[in-house]
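Written below as C-alpha cells is the structure these notes are about.
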Amino acid sequence: MTALDYVVLAAYLTGTLSVGLYFARRNKTTTDMFTAGGGSPWWVTGLSSFMTMFSAGTFVIWGSIAYTHGIVAVAINMTYGIAALAAGFLVAGKWNALGVRTPAEYVELRFGRSALQLYTWTLIVFRIVTTAVALYALAVIVAAIMPLAESSPFRDATTGNISIVALIIVFGLVAVFYTLVGGLWAVLMTDVLQFIILNLSVLFIIVLTFLKIDDFGGLLASAPDGFFDLVSGGYTYFFLVGWCLSQFFMIGAEWAFVQRSLSVSSPVDARKANYLFGALYLVSPVLWLAPPLMFRLTHPGVDPEQAYILAGQWVLPAGAVGLMVAAMFSATASMISSQLNVFASVLTNDVYREFFNPSAKERTLVVAGRTFTGLLGLILVVLAIAVPQLGGAERVIISLSSLVAGPLMAPSIWGLLGRRIDGRAVWATALICLGLGVVVKFGLGYLNAVTGFLWLDDVHSWVSNNPQTADMLLGVVLPIIILSTAHSVSAGVAPGWERIGSCAESVLPTRQKSLKPIDTTPALVVAIALLICGSTLLLLIPFNQSAALPLGILGAIVIGIGFTTHFFIRRSAGEFHSRLSGQRNL
C-alpha cells in the first residue's frame, strides 16, 4: 500500500465515525437505539440486511471456492437470494406485525422463559466468538499488504508489516464506537455506505481486469474442467437445496435479520426490504466473485485464500488499494455492528429491564444499552486478539455454531407460522441435533476405536468424504423431521401462539394510517457519500495516469448517480408536502 492508500483508508474510517456521531442525537429511547424508532426506510433496511451477510471471511472463503472450483461459488451464493425472497414472502411481514421490541421477546412469549435463556446465551457465545474470528481474519488479510517503517510503534518486527493486534484494535474500536454512539440508525446507515464502497471497489477491479486481459476468449478456453459447472467439488444439487433451506432459517429467524424487520414502519416495508435483499443476492455474486474467477484464468497456482486480495493488487492503482481494504473492513464492520446492537438490545430489554430494573426510565435504559454495547465490543476485541492462543478452540465453536443455527432458527420460524409446537419442541430439536452433531463431527473416530464396530468405520468414512452433505442432514433435514413430528403429535393450540396473537392485536390501534413525514436524511447521506466517492476517484487521476480513463469514467458515473439521488430526494419531499397540504384542505 502507498501513502495515498493510507489516506483513502483513513478518510473512510473517519467518515464512518462521523456517521455514528451524527445519528447519536436520534437515540433518545431504546426504541430509537435498537429498532430505529420503526422509521427506517425499507431500502435502507434491505441494503443493511445485504451487508450483514458479508465479512472479510466472505472474500477469503467464497473467493477461495470461486478460484478453486469456479462458478459453483456463484450458484451457492445465489441461494442467499432465493432464501431472502422466501423469507420476505413468508415471515418478514409477520415479524413486523407482532409488535415485539426484540426477537428475544418473541421467543419468551412463544416458547417460554427457559427457551429464552437457551437462545440468548447460546447465540451470544457463538455469535461473539464467530464475529471475533472474522475480525481476526480481516486483520490477518489486511496486515499482509500494509508494510510499515522500522520506526513505527505499530510495526510487527517479524513481518515488517503492521501488527495484527494493532489492526484488530483500530478496526474493532471503530465498529464498536459508531454502534455504541449511533445505535441501529448508525448501523443501518454505515451499512448503506459500506454497500457503496464494496460495490465500487469490486466494479473497479472488474473493469481494470478486463482492460488488462488481451485474449479473453483464449483464457476462457483454458479454464479447468468443470470450472463453469453449477455443481462441482463436492457441492452437489442436494447441498444447494440444503444450503438454501439453512439460509432461509438464518435470514428468516436470525436475530440480526429479525431486528431489521422490526426497524421499518409496516409489514409491507418489511417484505419489500427482504425482496430488495434477495434481488441483490441473485445478481451480485456474479459481480463480486468475478475477480477471483478471472484471476484463476490469468494466475493459476496461487494460494486460493489469497486470490481476492492478489487480484486487487494486480490491477488497482495507488489509492484504490486503500478503497479495497475499506471494502473488506466495511464487510466485517457490518457483521460486528449488527451483532453488537442486537445482543445489546436483548441484554437491555430482556435481561436488565426484566430482571434487575423493571421500572427503569428510557434514559437509564439507553445508558444501559450503550454500556452493554461497549462491554460486548470489548469482549469481542479481546477474543479476536486471543484467537492465535485459543489452540483451535475457536474452530470447534465455529463448527458447532453451524450445528446450532438450524436447530435454533427453524423452531422460531415454525412457531411463527404454526400454532401447535411449544417450548418442548425447541429443547428437543436443539438437544437432539447438537448431541448428534457433536458425536458425528468429533466422536465417531473415538467410538469406532473403542467399540470396533465396522459400521461405525463406514459412517465415519462417509462423513469425512461428504462433510457438506453431513452438515445439511444434521443442520437442516433433522430439525425439520423433529419439528414435523412434534407438530403431528401436539394437540390443540400452544399457549405461546395465543400470547403472540394478543401482542400483535395490542399494537394494531397504534399504527397510524395517515401520511407520515418522509425522512430524507438517509437518502441525503447516500447522495453525499456518492459525491464524495466519485470526487475521490477523480482526485486519484493525477497519481495514476495509466488508469486515468477508467477512473474518470467511473468517478463521473458515481457523481452523476449522487446528483440524481439528491434530485429525487427533493422531488419526493416536495410531492409529499403537496399531498399533505391537499389532505389538510379536505
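In case you wondered, yes, glycine gets a Cβ from its N, Cα and C as well.
Quick look at what TrEMBL lists:
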TRANSMEM  6-24  transmembrane segment
TRANSMEM  44-65  transmembrane segment
TRANSMEM  71-92  transmembrane segment
TRANSMEM  118-144  transmembrane segment
TRANSMEM  195-213  transmembrane segment
TRANSMEM  233-253  transmembrane segment
TRANSMEM  274-295  transmembrane segment
TRANSMEM  307-329  transmembrane segment
TRANSMEM  371-390  transmembrane segment
TRANSMEM  396-417  transmembrane segment
TRANSMEM  518-541  transmembrane segment
TRANSMEM  547-569  transmembrane segment
Is the transmembrane segment (118-144) close to the transmembrane segment (371-390), in the sense of at least 3 CB pairs under 8 angstroms with a sequence gap of 6 or more?
yes
Taking the transmembrane segment (195-213) as the reference, which of 6-24, 44-65, 274-295, 307-329 gives the largest number of Cβ pairs under 8 angstroms?
307-329
If you count every Cβ pair below 8 Å, which range out of 44-65, 118-144, 518-541 shares the most with the transmembrane segment (274-295)?
44-65
Check the transmembrane segment (307-329) against each of 6-24, 118-144, 518-541 and return whichever range has the most CB pairs under 8 Å.
6-24
Chain residues in Cβ proximity to the transmembrane segment (118-144) (below 8 Å; excluding those fewer than six residues from its ends, i.e. six or more beyond):
55-57, 59-60, 104, 107, 156, 159, 161-165, 167-168, 171-172, 255, 306, 309, 325, 328-329, 332, 335-336, 339, 343, 346, 350-351, 376, 379-381, 383-385, 387-388, 394, 397-398, 400-401, 404, 408, 426-427, 430
